[in-house]
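Here is the structure we will look at, set down as structure tokens.
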Amino acid sequence: MADPIRVAVTGAAGQIAYSLLVRLASGQLFGKDRKVELKLLEIPQAMGPLEGVMMELQDCAFPTLAKVEAFDNPEQAFDGINWCLMVGSRPRGPGMERSDLIKINGPIFVNQGKALNRAAQDVRAVVVGNPCNTNCMIAAHNSDVPHERFSAMMRLDQNRAKYLLASKAGAQVIDVTNVVIWGNHSNNQVPDFEFAKIGGKPVPEVIADAAWLENAFMPTVQNRGAAVIKARGASSAASAANAALDHVRSLITPTPAGDTFCAAVMANGAYGVDAGLIAGMPLTSTGHGDWSIVEGVPMSPFIKGKFDAVLDELRREREMVKDLLPG
């Protein structure tokens with residue numbers, strides 16, 4: 001059997017991690033024939049609850065779980081890891097603006113970016129903790145790990161969009177392909193129904209209802225997180241954990257011919273995105289943890305206008321944290 005895959009998970013005592021860790025430990029991501037070692041990171045005051053999470057993982061007696069350890073120091077947690085799932089971030093409190101959240105979380109991702117220098121040479125970092133695009137940018141700019149090893153999660157938005165399109169068309173989710181969420185994981189994201197396909201046909205041909213696509217589908221995807229909070233009194237956890245697994249799976253599995261997946265990556269000029277910004281893009285992978293941007297996706301003036309607006313939002317976020325970006 002191959003060596004175990006070493007995976008660090010930050011925010012490991014939180015709700016997303018609670019849904020994520022059991023599936024990760026049970027072999028649902030890397031397979032039943034590959035053992036995993038989990039290195040769980042939390043803040044010192046959460047080490048008690050994290051001990052309980054560790055006990056539960058141990059009590060599952062998964063054959064695929066080789067080891068589980070708890071840390072409150074990122075350098076120790078990231079030592080020798082192959083994957084880093086950066087789930088932890090300070091949540092938005094009452095009366096907090098997004099700008100407040102960005103400034104509070106920035107220093108956390110500076111430290112974690114530097115700590116990633118202790119990881120294995122093939123490490124990949126996936127940022128889930130919000131605001132994930134800008135947190136990912138901060139971590140990448142503060143690490144010696146190549147920038148193409150970093151990505152931020154847009155997969156929950158992609159999955160939400162796929163479900164809504166399939167439901168409206170009376171199709172199966174598996175029939176929906178090429179869903180792109182352009183830009184930022186915020187309520188200004190751009191769920192692109194024009195490039196998406198259902199059963200191999202462009203969505204506007206299958207769902208010939210422009211008013212629904214523009215005025216119902218897009219806002220529903222953009223505001224789904226808030227709707228979940230309103231309904232259950234807590235933010236998305238199980239669906240976010242599932243999306244994180246889907247995100248990694250798309251990086252370790254060759255992309256099916258003719259399809260794409262979506263994640264936020266350092267675009268460096270593609271589609272006019274400023275160098276250094278982390279933006280949602282259409283991607284493919286060879287299945288070796290890599291990604292390539294799919295160039296040449298057409299944008300109507302409607303989609304392009306919204307994309308330009310969300311790029312401005314990402315630029316404003318970068319300006320807020322410019323003192324945390326070396327060079």
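A Cβ is built for glycine as well, from the same backbone N, Cα and C atoms used for every other residue.
Remember, it's a predicted structure, so these values are computed and weren't measured experimentally.
In the three-state DSSP classification, GLN15 (NAD(+) binding site) falls within a helix. The NAD(+) binding site annotation in Swiss-Prot covers GLY11, ALA12, ALA13, GLY14, GLN15, ILE16, ALA17, ASN105, GLN112, VAL128, GLY129, ASN130 and rests on sequence analysis.
Following the DSSP three-state reduction, the secondary structure of ARG160 (substrate binding site) is helix. As annotated by Swiss-Prot, substrate binding site applies to ARG92, ARG98, ASN130, ARG160, with the evidence given as sequence analysis.
What Swiss-Prot lists as active site, proton acceptor is HIS185, and the listing cites sequence analysis. In the three-state DSSP scheme, HIS185 (active site, proton acceptor) is classed as coil. A sphere of 10 angstroms centred on the C-beta of HIS185 (active site, proton acceptor) encloses 26 other C-beta atoms.
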Least buried by Cβ count (within 10 Å) of the binding-site residues GLN15, GLN112, ASN130: GLN15
Cα-to-Cα gap, GLN15 (NAD(+) binding site) vs ASN130 (substrate binding site), nearest whole Å: 14
For ALA13 (NAD(+) binding site), the one of ARG98, ASN130, ARG160, HIS185 that lies nearest, given that the recorded positions are compared by Cα: ASN130
Between ALA17 (NAD(+) binding site) and ASN130 (substrate binding site), the C-alpha gap once rounded to whole angstrom: 14
Top Cα neighbour of GLN112 (NAD(+) binding site) in the set of recorded positions ARG98, ASN130, ARG160, HIS185: ASN130
